[in-house]
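Peer 1: As annotated in TrEMBL:
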- 6-30: transmembrane segment (TRANSMEM)
- 455-477: transmembrane segment (TRANSMEM)
- 483-504: transmembrane segment (TRANSMEM)
- 542-560: transmembrane segment (TRANSMEM)
- 572-590: transmembrane segment (TRANSMEM)
- 668-688: transmembrane segment (TRANSMEM)
- 700-721: transmembrane segment (TRANSMEM)
- 741-760: transmembrane segment (TRANSMEM)
- 855-874: transmembrane segment (TRANSMEM)
- 944-963: transmembrane segment (TRANSMEM)
- 1017-1035: transmembrane segment (TRANSMEM)
- 1055-1073: transmembrane segment (TRANSMEM)
Amino acid sequence: MQKVSVLLFLGWVCFLFYAGIALFTSGFLLTRLELTNQSSCQEPPGPGSLPWGSQGKSGACWMPSRFSRVVLVLIDALRFDFAQPQRSHVPGERPVSVPFLGKLGSLQRILENKPHHARLYRSQVDPPTTTMQRLKALTTGSLPTFIDAGSNFASHAIVEDNLIKQLNSAGRRIVFMGDDTWKDLFPGAFSQAFFFSSFNVRDLHTVDNGILEHLYPTMDSRAWDVLIAHFLGVDHCGHKHGPHHPEMAKKLSQMDQVIQELLERLENDTLLVVAGDHGMTMNGDHGGDSELEVSAALFLYSPTPLFPTVPPEEPEVIPQVSLVPTLALLLGLPIPFGNIGEVITELFSGGNDSHPQASALAQVSALYINAQQVSRFLHTYAAATQDLQVKELHQLQQLFSKASASYEQLLQDSQEAETSLKTLTAELQRFLRGARAICIESWARFSLVRMAGGAALLAAACFLCLLASQLAVSPGFPFRPLLLVPVAWGLTWAVLYAGLAVTAGSKVDTVVLGAVAAAGSILPFLWKVWVSWGSNRPLVPLLPVPGPVLLLLLIRWATFFSDSFVVAEARATPFLLGSLILFLVAHLHWEGQLLPPKLLTVSRLGSSAPTGPPRHSGTYALRLGIGLLLCTRLAGLFHRCPEETPACHSSPWLSPLASMVGGRAKNLWYGACVGALVTLLVVVRLWLRRYGNLKSPEPPVLFVRWGLPLMALGTAAYWALASGADEAPPRLRALVSGASVVLPRAVVGLAASGLVLLLWRPVTVLVKVGAGASRTRTILTPFSGPPTSQADLDYVVPQIYRHMQEEFQGRLERTKSQGPVTVAAYQLGSVYSTAMVTALILLAFPLLLLHAERVSLVFLLLFLQSFLLLHLLAAGTSVTTTGPFIVLWQAVSAWALLATQTFYSTGHQPVFSAIHWHAAFVGFPEGHGSSTWLPALLVGANTFASHILFAVGCPLLLLWPFLCESQGPRKRQQLSGSEAEARVRPEEEEEEPLMEMRLRDAPHHFNAALMQLGLKYLFVLGVQILACALAASILRRHLMVWKVFAPKFIFEATGFIVSSVGLLLGIALVMRVDGAMSSWFRRLVLAQQR
């Protein structure tokens, strides 16, 4: 089996998984149809008379305008309780001191002094609570679907009818200042605009100060009809410090001053709207649907009386989209075509309660025009998509017809108004709320065919991995024909599908095209395997997962179907990992092997026969197990609590040092972080020195000796600047800012240079050549001249390696008359592991830079856990034969569990609100301009750092037992007699361990073992993504589907893609080292023959 065949086969298997994920996603996360219809004054929303109050008014559009100007102050992430005063819940008790309470005092003063002029509402936000989706809702009155959350990085122009478009159609002058997200959503829509970059969440002041520079002069100029100011400081403060930090109090106090200044400048024809687009969690994040995230503040104020009654003691809760039809009718505009919000009726009462019947009739008129618009939208949308529930839609239309008849009768006979107004109001409100409910339900629609097809593809790919992992080590199994034929079939079916689509005149769906190619290739493969294996032979030997591992996988598979277990996965994963560790230690202690033969249906690594006595005692295994359990427990101290567990308290150690207030504590933590960095560097250098590779003059080794310390120094310097940037003197801030850009880029550049050197010269051994030495062994070659084939090279490589070992081992025992050593290669047996460890440490430094400083302790635990686990797995593994080489299922399962545990220990959760957005600004503190792929890449690398490291390092599971061969009882026996007697009986000496060179003794088995390892790892990961897909499809109507199961599926799918790519890169690196070793030995053969 050739190396290229291994990579191609694994790449094909990955493609099968990708096709299944894409097909399932296209059926599970669908977007709604966006209608481009627009409302206009010339086209009333429905038949019948104009609403009450519009008759006889010149220029009246649906309803006469109440205001000619509006000032919209959008304070990003203004949670509702930020607008509340500092109050005590128990009489006589001192108020609870919370930094964000009572800072918006101007709102409370207005509500108390002018109760008929102002109102504070609790705005109920629809998830997802990301800024771009909220802006769409605040301008269109519609609802974004779940998958729209992915567009928060790359906003696109809104094509639906919206308030901004209606204002432009009416000739209103719109001035905007603030978040540049509006620039992409409404290109060219503003008569004057001052945009500021919104993506740098560490910058609390640039956007806000830029707005304040233009806000008051613009307002005083009166050259505007609509003034929009979108402040970002509160949101950025939440991301950087959290809501309980003193900086939040400062930000809210600044916003209070802004509101106070605006109140003093308002004129009678102007309405002031202060709104938050969403809230934030206790950690300052948003994106989900927790109570704190979906609760925002909404404050309305008019210099003239606007409300007939005083504010209620508890603010009213209204949907956020209700602001859209309310503003449209107050400004005399048509309501946007796709709005599903309900007007805030008390704003249409006329501002006094002296004429209650007139006020009630005005409110009903606003509700009726709103209901006409929503009814028109439902009719148009249902005709375009046939997507709404027919029965519920028919019931709503009957309700609206009844309300319309009642309204027409009310206009004709106003004498019965008092008795029918309340009934009509209730009917209209029931219709509007029912329409909103049916839209929410229908826009969570699913394509069951695509979901079933995607799940079937994932299941087939998992079965293929399980089947092929056993066949990979079968001698002479024809993998190349089994790969080429299915791929040809897959391409044939893809071409046929594309041809049929083009012939039919329909668009070629790339997702379906990939699924057809995947299905067309995997079915012939399974058929050929069935034929080759024999239909009359049982398949049980081909499904060799041991019972304990199968039980572990089933338990983990079942947990994905429970929202409680998904939420608590951060605690469940260490438990499963600890259970597997105890299982391994117990069997290693009792049997002397990793697993007793009775539990296995396949041979252990290297041999199926019982091996000799163990190389390590039970005490050694017990120490490894205790160390692993201790590291797992310590890593659990770094945890982030899910939103669903309010009693849980997240670890404060996951926050950046810049958020700490105490200077001494900050310095101590900084010292601990630098200590962890230095310890990690020293451990890697000691490991390389232990295996002799640190003495090599090769460029990668020189880079490890000098480049890694520079990377550690640059990382520590960047941490120092980042943790104290706010405390830097003004004259040094420019220098600090420049260094914050240069240092992380320099570290990443050094890491990239080291990886390039490693790929260029991956053989890191020290070779010494003597002059004029006679050789004690003749290398027999069945060919003349240089080797001309891989078979020739495979024949002589073991002879060369044993020859060098004999020369090097006998150097101290030989006399001068026997001649000096001609060739000595130091620790050639660890050449593969050295390249892997070097690559991992080079990857770890850039990934560590993307995390908070104290996560360096987690990275140190990560490497320590990996080291202990590899030794534990290798402790009972026999490597005395030349093949086949098999990596145990226990090893692969433990490795995957360790990757998941590290994901949670680095402060991540499978929810959008827990994404570490600050990673996008490491090395780019001023943002990325219009680029979206680079910040997305940085955030993705931060989120899936554990997946990257463990996937790339997966080949160590195969290499480490051979590396540990040097730690067994290989010492030279103490022979009696003279030195000459010892030479006469060389068989009484134990042979020097070949270590990783044993893999080159059997290159076919080596390649097969790499393929089997990759297939097993893909199977374990594939089972997880299959479970998530099935859980999301079966529980698609579950209450927690969009809060728990959908995000879990998205994170698991993305993690699988990242892990599969990392796995291919790790295996490719091993093959690159193997190819370099072949070239290295080829040069030795030529030198031998000369």
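Placed from the backbone N, Cα and C atoms, the Cβ positions cover glycine too.
Nobody curates TrEMBL annotations by hand; they come from automatic prediction.
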Peer 1: Other than its close neighbours in sequence, what residues sit by the transmembrane segment (668-688), given a CB gap under 8 Å and a spacing of at least six beyond its ends?
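Peer 2: Tertiary neighbours of the transmembrane segment (668-688) are 657, 660, 694, 701, 704-705, 708-709, 712, 715-716, 719-720, 723, 834, 837-838, 841, 844, 848, 853-854, 856-857, 859-860, 863.
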Peer 1: By Cβ distance under 8 Å, which residues at least 6 away from the ends of the transmembrane segment (1017-1035) in the same chain are close to it?
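Peer 2: For the transmembrane segment (1017-1035), the sequence-distant neighbours (Cβ-Cβ under 8 Å, at least 6 residues beyond its ends) are 10, 13-14, 17, 20-21, 24, 28, 446, 448, 451-452, 454-455, 458-459, 461-462, 465-466, 469, 553, 556-558, 560-561, 563, 892-893, 895-896, 951, 954, 1041, 1045-1046, 1048-1049, 1052-1053, 1055-1056, 1059-1060, 1063.
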Peer 1: How about long-range neighbours of the transmembrane segment (741-760): same chain, 6 or more residues beyond its ends, C-beta under 8 Å?
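Peer 2: Cβ under 8 Å, 6 or more out: 699-700, 703-704, 707-708, 710-711, 714-715, 717-718, 721, 835, 838-839, 842-843, 845-846, 849, 922-925, 1069, 1072.
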Peer 1: With an 8 Å cut-off on Cβ pairs and a sequence gap of 6 or more, do the transmembrane segment (855-874) and the transmembrane segment (455-477) reach 3 or more such pairs?
Peer 2: no
Peer 1: Apart from its near flanks, which chain residues at least 6 from the ends of the transmembrane segment (700-721) lie with a Cβ under 8 angstroms of it?
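Peer 2: Apart from its flanks, the transmembrane segment (700-721) reaches 657, 670, 673-674, 677-678, 681, 684-685, 688, 693-694, 736, 739-740, 743-744, 746-747, 750-751, 753-754, 757-758, 761-762, 764, 835, 838, 841-842, 845, 848-849, 853.
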